[in-house]
Amino acid sequence: MTGGGNITEITYFILLGFSDFPRIIKVLFTIFLVIYITSLAWNLSLIVLIRMDSHLHTPMYFFLSNLSFIDVCYISSTVPKMLSNLLQEQQTITFVGCIIQYFIFSTMGLSESCLMTAMAYDRYAAICNPLLYSSIMSPTLCVWMVLGAYMTGLTASLFQIGALLQLHFCGSNVIRHFFCDMPQLLILSCTDTFFVQVMTAILTMFFGIASALVIMISYGYIGISIMKITSAKGRSKAFNTCASHLTAVSLFYTSGIFVYLSSSSGGSSSFDRFASVFYTVVIPMLNPLIYSLRNKEIKDALKRLQKRKCC
């Protein structure tokens, strides 16, 4: 800590993490390390596969490759530091490191929310307007939608960081979490946080409620279109096209809403921390599995890649 007049500013935070479970620290380290490596391997493999196979150069897989990239950055913003702290007695992070960690985490999380909205629109165009799909989802539009997702997430995060840097931290420096998250930082502030709380609420409404509403409306129209398909095979194919994205969206939003509703208490309970693990660590690992498990095009691309290697 550094002194400045009558105020002692915090220069580092202590991340409580899972230090209240000393008996299972090594087990947790092993589990999180396996999840992290698996997540990186699956997401990066999916990016490479989509890049290498020309049959996957479509809007759907363009969005999916960007989702995998976001998930790699998203999980990497928290897990490496968490793994490092699990092996240390003093689990600390500098003030600057904390701000950078939250900035990356927030940017990627908000960008993912926007990207999932774009992916829902892509599925809407594919199911509801199949004849016009190619003209609607042009390469130019797809690029702008992805850039828009990144820029929106980045801009919103910059606003949050700007507001966060206006606060003073001069009391307790113990964060009862395994990473720097906004609710926990606001609790530690010794200055008024009303403006930051209002801004966070507005951003939550925009990225959470508004995005979820757009996705729900898109899938409402998709559901109506699927019901109009006469053949059972056609309905099944249309449903399978959307099922993976709907599953990923449901997991992302329900877990996120649950974690941030429970964080009103500061995320101090052990249950809150373990619930956050699912939202921040497990979902980035599950996404490539969800999109690939029953995806015939991904399986066919893997077969073509194997044949290419054999030749």
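The backbone N, Cα and C atoms fix where each Cβ goes, and this holds for glycine too.
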Taking Arg51 first and then Leu261, would you say Swiss-Prot puts both of them on the same side of the membrane?
no
If you check Swiss-Prot for N-linked glycosylation site, which of Asn6, Asn66 comes up?
Asn6
With Cβ-Cβ distances below 8 Å as the criterion, list the same-chain residues six or more beyond the ends of the topological domain 'Cytoplasmic' (294-311) that contact it, or say none.
46, 49-50, 52-53, 55-56, 61, 240, 243-244
Across the topological domain 'Extracellular' (1-26), average pLDDT on the 0 to 100 scale:
77
Considering the transmembrane segment (56-76), which listed stretch of 27-47, 101-121, 198-218, 239-259, 273-293 counts the most C-beta pairs under 8 Å:
101-121
In three-state terms from DSSP, label Cys98 (disulfide bond) for me.
helix
Do the transmembrane segment (273-293) and the transmembrane segment (135-155) come close, with at least three CB pairs under 8 A (pairs 6 or more apart in sequence)?
no
If you count CB neighbours within 10 Å, which one among the disulfide-bonded residues Cys98, Cys190 has the smallest count?
Cys190
